[in-house]
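A.B. asks: Following this message is one structure expressed as structure tokens.
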Amino acid sequence: MITVNTLQKMKAAGEKIAMLTAYESSFAALMDDAGVEMLLVGDSLGMAVQGRKSTLPVSLRDMCYHTECVARGAKNAMIVSDLPFGAYQQSKEQAFAAAAELMAAGAHMVKLEGGVWMAETTEFLQMRGIPVCAHIGLTPQSVFAFGGYKVQGRGSKAQALLNDAKAHDDAGAAVVLMECVPAELAKKVTESVSCPTIGIGAGADCDGQVLVMHDMLGIFPGKTAKFVKNFMHGQSSIQAAVRAYVAEVKAKTFPAAEHIFAD
């Protein structure tokens, strides 16, 4: 079974980590069998599964239900579950109560969004036995504050994002996830923190990559984000597509130049 120690050893060895979102047991089992090391039960389910316009309406009850489903299908992969909007920002104690519910539902790690200001919560959780993935850069729960889905950390804002990563690393975060961050900055962050980094739209130099399942399978019609690749092209099955994703992450051929953001 993949553990926090496994991820640390992979970072040290330069072996890339493959992560995908999963929301139910059958896909979790398929991804697990295909060699995906980490399964993210993301609040992205609000958009991908529930058909909502953002992640904000997703409840803790929703997250626990889908975590239970994924846990029934996964045998080897690490399960990371999102703390949903409103379930952890009020206080460290509120965050612990919500995280404990997700862990009881089958999560091995919880993910929270936010920079330096959330590092205290990261420390509070990890000191109480709950591994934390700290999500920085573009944090979808703050999309309205950002004014849309925009690249974060460009120009003069680069140092602030680096500070966010270091604060969570110092607080004991098990993983730092960066979304929509210039590739060179993501590389600098990866080299500056002791914990593994996972990127989505953050270049090829992170310690691992993550995509939303529906994106990598080409399920969403119309225009997709720059960092998305449809791995179903040329494949005869979903499992083959997932294996292709894992292989390209491991070989460092995904993300390619067309999937990354410059400063």
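Cβ atoms here come from the backbone N, Cα and C positions, even for glycine.
The feature active site, proton acceptor is assigned by Swiss-Prot to Glu179. Among the features that Swiss-Prot reports, Mg(2+) binding site is placed at Asp43, Asp82, Glu113, with the record citing sequence analysis. Residues or ranges marked as 3-methyl-2-oxobutanoate binding site in Swiss-Prot (evidence: sequence analysis): Asp43, Ser44, Asp82, Lys111.
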A.B. asks: Hey, what's the Cβ neighbour count for Glu179 (active site, proton acceptor) at 10 Å?
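C.D. replies: Other Cβ atoms found within 10 Å: 23.
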A.B. asks: Would you please pick out, from the binding-site residues Asp43, Ser44, the one with the fewest other Cβ atoms within 10 Å of its Cβ?
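C.D. replies: Comparing Cβ neighbour counts within 10 Å for the binding-site residues Asp43, Ser44 gives Ser44.
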A.B. asks: For the C-alpha pair, I'd like the distance in angstrom between Asp43 (Mg(2+) binding site) and Glu179 (active site, proton acceptor), rounded off.
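C.D. replies: About 14 Å separates the two Cα atoms.
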A.B. asks: Rounded to the nearest Å, what's the C-alpha distance separating Asp82 (Mg(2+) binding site) and Lys111 (3-methyl-2-oxobutanoate binding site)? Just drop the number here, would you?
C.D. replies: 5
A.B. asks: Cβ within 8 Å of the Mg(2+) site centroid (Asp43, Asp82, Glu113 excluded): which residues?
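C.D. replies: What remains near the Cβ centre is Gly42, Ser44, Thr55, Val58, Leu83, Pro84, Phe85, Lys111, Leu112, His135, Pro140, Gln141.
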A.B. asks: Hey, what's the Cβ neighbour count for Asp82 (Mg(2+) binding site) at 10 Å?
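C.D. replies: Cβ-Cβ neighbours of Asp82 (Mg(2+) binding site) within 10 Å number 32.
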A.B. asks: Within 10 Å of the Cβ of Lys111 (3-methyl-2-oxobutanoate binding site), how many other Cβ atoms can be counted across all chains shown?
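C.D. replies: Result for Lys111 (3-methyl-2-oxobutanoate binding site): 23 other Cβ atoms within 10 Å.
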